[in-house]
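Scroll down for the structure; my scribbles are underneath it.
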Amino acid sequence: MARLVFRKNGKVIENPEEIKSFLSQYGVVYDVWGVDRLPEDVRKNYDIDEENSKAIIQAYEKELKELKEKMGYITEDIVVLSEKTPNLDGLMAKFKREHHHIDDEVRFVVDGSGIFPVKIEDDIVDIHVEAGELIVVPAGARHWFELDENRKIKCIRVFKTPAGWEAIYNENETATMRD
């Protein structure tokens, strides 16, 4: 399950309700949707194809619809990062750079795990997420993404525009999800 680790003092929060309560103060959404409804072969398949993607999105159709209606999102896709991903280290170098977005960064973890370090007040809080968990990092929040020791994650991403996201590293440097 999720875990918050505060870099300044090493404090750890592991209780899901405490995590949800703490993060909500800063506009970060945390929720648990679970993965029990997905067959293991679909969940664990990192060779993503259209059939696999459709099965995953259909399994979470209700939650995705509610999220879209509540937050104004319009589209979703599946993203996979693993040792099979071409140029994984290059992608991770980009994701590990501190940035923000003009839209929320929405991820539901289907399988695997990862870490979203987020700047909160004068600290950096590592938000560890695992399969079955939803994280929404709000627009404007300074953050980055890291794979953990498992080096794999499979997520549903949700967007407000068909173009997806644009990372803003500083005033003069951006990257889009297509870079």
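Using the three backbone atoms N, Cα and C, a Cβ is placed for every residue, glycine included.
A quick note: this is a predicted structure, and the numbers were derived from the prediction, not measured.
As recorded in Swiss-Prot:
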SITE      E98  site 'May play a role in metal incorporation in vivo'
BINDING   H99, H101, E105, H143  Ni(2+) binding site
BINDING   H99, H101, E105, H143  Fe(2+) binding site
SITE      D104  site 'May play a role in transmitting local conformational changes'
SITE      R107  site 'Important to generate the dianion'
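Known features from Swiss-Prot, placed on the structure.
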residue: E98; record: site 'May play a role in metal incorporation in vivo'; Cβ neighbours (10 Å): 14
residue: H99; record: Ni(2+) binding site; Cβ neighbours (10 Å): 22
residue: H101; record: Ni(2+) binding site; Cβ neighbours (10 Å): 20
residue: D104; record: site 'May play a role in transmitting local conformational changes'; Cβ neighbours (10 Å): 23
residue: E105; record: Ni(2+) binding site; Cβ neighbours (10 Å): 23
residue: R107; record: site 'Important to generate the dianion'; Cβ neighbours (10 Å): 21
residue: H143; record: Ni(2+) binding site; Cβ neighbours (10 Å): 22
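Comparing the Cα of E98 (site 'May play a role in metal incorporation in vivo') with the Cα of every entry in D104, E105, R107, H143, these being the recorded positions, the smallest distance points to H143. Recorded residues R107 (site 'Important to generate the dianion') and H101 (Ni(2+) binding site) have their alpha carbons 14 Å apart, per Cα-Cα distance. In the three-state DSSP reading, E98 (site 'May play a role in metal incorporation in vivo') counts as coil. Annotated pair D104 (site 'May play a role in transmitting local conformational changes') and H143 (Ni(2+) binding site), C-alpha to C-alpha distance, rounded: 11 Å.
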